[in-house]
């Protein structure tokens with residue numbers, strides 16, 4: 001049920017020591033085994049812990065704005081001093097924002113351990129106005145770089161850990177690969193990341209996956225375009241975009257044009273983190289399920305990961321996409337939240353040990 005794709009590395013030993021859930025067998029909800037069912041049930045059943053955010057709008061160099069949702073955790077007993085309180089930066093999925101249940105549960109895990117959280121809402125998805133005809137994509141890391149720089153400017157003495165979910169995980173890994181030792185992060189964590197965008201697009205276009213997931217996500221993407229129609233119609237044919245029936249068609253008609261790619265295939269190559277992972281320079285733990293309908297198992301970059309001392313992939317046989325439901329009534333925290341909480345704590349509380357385990361010298365520190 002559980003496979004750790006690494007050799008017997010010091011990083012795996014560190015994880016077994018500090019993240020007990022890594023050593024446990026993941027047993028999915030008995031009546032909810034398949035990846036599609038896990039994914040659907042999670043969307044319907046998962047609880048939504050109450051959260052009150054402090055919103056901040058920051059300006060970008062091109063005249064746009066980014067919406068950040070903060071959970072400052074001012075009552076933290078572990079880190080009463082704001083300037084040194086560790087910060088978890090959360091990157092939601094394709095059409096997600098700070099209101100997704102997986103974000104709320106991740107916040108719960110981090111804040112009860114005394115950490116501060118900030119959710120990076122992709123442009124146009126955080127309830128803010130789109131000021132320029134620019135949105136977001138998995139390959140363009142400039143907004144994320146701007147956000148990290150902003151956070152480090154506010155709290156230069158506080159370590160930052162990046163946590164990306166699905167498309168947010170692609171963005172995070174691409175950023176960590178691009179910035180290498182200059183990422184401003186002490187570690188990275190991803191859930192259900194699509195490793196290869198072309199292979200994910202193909203899987204998502206299988207009839208049942210299209211019916212259950214692809215058309216729903218495509219409609220979400222089109223709704224976001226409709227909401228910001230006035231500013232976006234300056235650069236794309238909105239009516240043509242809104243006729244898209246799949247994520248790939250949307251990316252062909254909108255995303256790849258918006259970011260200057262000659263073709264959607266070129267964009268998908270650039271967006272895929274599997275071919276850049278070797279450039280990363282911080283400890284990274286990735287959680288994927290073999291039955292994820294969005295991220296096919298045959299695309300997991302196992303050979304690459306086994307050659308990297310700083311990257312670990314934890315693969316479960318079951319779990320679906322951002323689900324990993326356990327127990328008879330899977331409304332509360334699940335396997336992925338427990339793993340997230342334990343890894344975040346391990347990275348923040350044992351910084352020298354995790355760097356040593358990953359073969360990272362102190363002068364490489366982010």
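Glycine too: its Cβ is placed from the backbone N, Cα and C atoms.
What you are looking at is a predicted structure, and each value in this text was computed from that prediction instead of being measured.
According to TrEMBL:
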{"type": "ACT_SITE", "residues": "166", "note": "active site, charge relay system"}
{"type": "ACT_SITE", "residues": "292", "note": "active site, charge relay system"}
{"type": "ACT_SITE", "residues": "321", "note": "active site, charge relay system"}
{"type": "DOMAIN", "residues": "20-135", "note": "domain 'Ig-like'"}
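The local packing around residue 321 (active site, charge relay system), expressed as other Cβ atoms within 10 Å of its Cβ over all shown chains, amounts to 26. Residue 292 (active site, charge relay system) sits 5 Å from residue 321 (active site, charge relay system), taking the Cα positions as reference. For the pair formed by residue 166 (active site, charge relay system) and residue 321 (active site, charge relay system), distance between Cα atoms is given as 8 Å, rounded to the nearest Å.
Within 10 Å of the C-beta of residue 166 (active site, charge relay system) there are 26 other C-beta atoms, taking all protein chains into account. The domain 'Ig-like' (20-135): residue composition by secondary structure is 29 helix, 24 strand, 63 coil, according to DSSP.
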